[in-house]
Each structure stands twice: as structure tokens, then as C-alpha cells.
Amino acid sequence: MKFVDEASILVVAGDGGNGCVSFRREKYIPKGGPDGGDGGDGGDVWMEADENLNTLIDYRFEKSFRAERGQNGASRDCTGKRGKDVTIKVPVGTRVIDQGTGETMGDMTKHGQRLLVAKGGWHGLGNTRFKSSVNRTPRQKTNGTPGDKRELLLELMLLADVGMLGMPNAGKSTFIRAVSAAKPKVADYPFTTLVPSLGVVRMDNEKSFVVADIPGLIEGAAEGAGLGIRFLKHLERCRVLLHLIDIDPIDGTDPVENARIIISELEKYSQDLAAKPRWLVFNKIDLLDKAEAEEKAKAIAEALGWEDKYYLISAASGLGVKDLCWDVMTFILENPVVQAEEAKQPEKVEFMWDDYHRQQLEEIAEEDDEDWDDDWDEDDEEGVEFIYKR
């Protein structure tokens, strides 16, 4: 199935049903009073994360989702039926962005997680609601309010522990094939990898981690060269980045300059991503003698000002791969996922009609208070007595 990691959709919640103006009319019951019912609320639009999905391709074809309108109120105080909700299923790892405001509405990071993206309109009030001591036959009602309407951008971001960085043909896909059951395409030409892929690395029966392979970066990727930097977003949730460097490029390019290009493009994309833990991994050491490979790797690390540990591996032959994977596993166990995103309270998404009914009922109560004569005195008794005499 084709991998699609971005899609734009339109979501429209249902309008609220209108209130009803009606009066009770039955035999032997004159002046029965108002009995108009309220309308029904409009249906909502929800997002739901589903671990069985892995692409947004469905939403390249189906782009509009509309919830059902609430039914109007009826006589005999009958309330209209609520509109049916609409649930849109997306892959785990999808970020939902309101294109109108640029606001991130939520990240769908767990299976079964639900997110309200468009709230249905409030129901209108029937004339029964407006009955008071001074208005026994109200003829006013309110209409239902329109449902929310939003244009959303869905961004699928892979959930992985380890992310792979490097120039095209650095050996990223060969590495992920060597350590997992994933089988990305491998060939001797640039941009063999066109879409991100995931692999699960199982160290033993209880320990494993997920590694993400993305298409290679080239100079000017931030300006759109090559495949651009659109796939770097898939590394934002990774805990550690493995920067693969071809120690002996077949095209004769300088490994130091290649590494600097990757670092530069990373910083242009996001300072947060550039600040993530990054490990230097020299690949294809089987093409050189051991001593020559070690000497060349040391020279490259010094030229980059690299003072931390670095690794020498051959993804094709498996040399040094197992030790690297165990060190990655140890790092992941010692640095569990920080629940900063969950602990941080997301900004409240404002819906159009959150306080609509409360405000309406408060206004009605204020009108009743104004009509009520609460400054009773002896001068008012004549009026009351006269009414009773008639």
C-alpha cells in the first residue's frame, strides 16, 4: 500500500435542531400553556487512533466528513433527536492541525485515543423554556446553532525509538535490513529509499526497539533539493539519532563535508531535533583495512570536532552491528520516554458554542428578575385587591 504521510480534510459538525413554538390544546383544558420542545444537538466529529492503519492514503480521496444535524423540537415537550457523530480513524502517530489557525489540536499517540475536532451545534430552546410568572404564553424560541467547520491537516509521524540519518547511499536501508525483519529496497543508486520505513530490532525475548529509516538528505534539502526535508518530521519522536557516514564514498566525495551537510540541514529544520542525542556511526569499513578504517574514522571525527564515542560497522557483513545495537538498547533502557508531552497540559481548543446555553439561560433569568416586583409595600395592596374583586 502506498505510504502517504500528509492529507488535508474538511470536517463539519452537525447543526443544532430548532426549538418549537407550540401550545397544549386538549379537550376540557383551555389555556393549556406552552409545550414546545427543544431541538436536538448536532453530531460531533471525532478522530480515533487505530494501530491497524499505517497510511493516510484514504484521505487523499475522501476529503469531506459531515456529522448529522439535530432534529427540530416538537409539541408535547418532545425533544428533537441528537445528530449522529462521525468518527475518522487515523494511524497512531498522527498529528492534527487546524489549518485556519495553525493550532495543533492534538497528537494521536495511543491506540483507541479519541480527539474532538468539530463540535456539533447546540440545540434551540422551545417556548416552554421561556415561560415565567409574567409571561404565561411565550411565543419566542431559539434556533439551533451551526456546527463547527474546520479544515484540518493530518500529519503522520512514525513512532520509533531510533532514527537513521545520512546521505543517500550511506547504508541506512542495508543497516535496517541487517538488524530487523524489515526489507526496504537496497540498490547502488541515490534515493533508493523514497518513503520512511520501520524495523523492530529484537535483542532477546524481552528487549527490543524500533528503528526508523528515512530517505537520504543532500545539500539544499531545506530549500527543497532532492526529496527535501519533509521526512525529518518522522524523527521528532525518536530518542536517539544514528548518523551514518560512508567512510569511503564510491563517488569520491569528502565524508567530513557530507557529515556537515547533514548537521546543517538538521539545524535548518528544527533546533529541537538538532539537539537530540546523536551518535556517529561509520559504515562500510569492510571496504578498507582495519587499521586504515580506524585511522580514517579518527581523522573524520577530529575534523568534525566530535569528542564522544563513535562506532565502526559494516551493515553488509554485520561487523560491529551487534555491539552497536546492544549499546542502543542500553541507552533506551537508561533513558525512558519522558512523559513531558502528556504532563504538559495542551492548550484548550475553543469551540464556537461552548457557553451558548449557559448564556441564554442567564439572560432569561435576568429578564425574569427585572419583571419581578421585589419592592413590595402597602401601596401595592390596592392593586392586588382590585384584581381579585374583578
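Note that Cβ sites are derived from N, Cα and C of the backbone, with glycine treated the same way.
Going by Swiss-Prot, these are the annotated features:
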DOMAIN    1-159  domain 'Obg'
REGION    127-147  region 'Disordered'
COMPBIAS  129-145  compositional bias 'Polar residues'
DOMAIN    160-333  domain 'OBG-type G'
BINDING   166-173, 191-195, 213-216, 283-286, 314-316  GTP binding site
BINDING   S173, T193  Mg(2+) binding site
Rounded distance in angstrom between the Cα atoms of S173 (Mg(2+) binding site) and P215 (GTP binding site): 9
Those residues of the chain, 6+ apart, with a Cβ under 8 Å from that of S314 (GTP binding site): N283, K284, I285, D286, G320, V321
Local Cβ density at K172 (GTP binding site) - other Cβ atoms counted within 10 Å: 30
PLDDT averaged over every residue in the domain 'Obg' (1-159): 86
DSSP residue counts for the region 'Disordered' (127-147), split into helix, strand and coil: 4 helix, 0 strand, 17 coil
S173 (Mg(2+) binding site) - helix vs strand vs coil (DSSP): helix
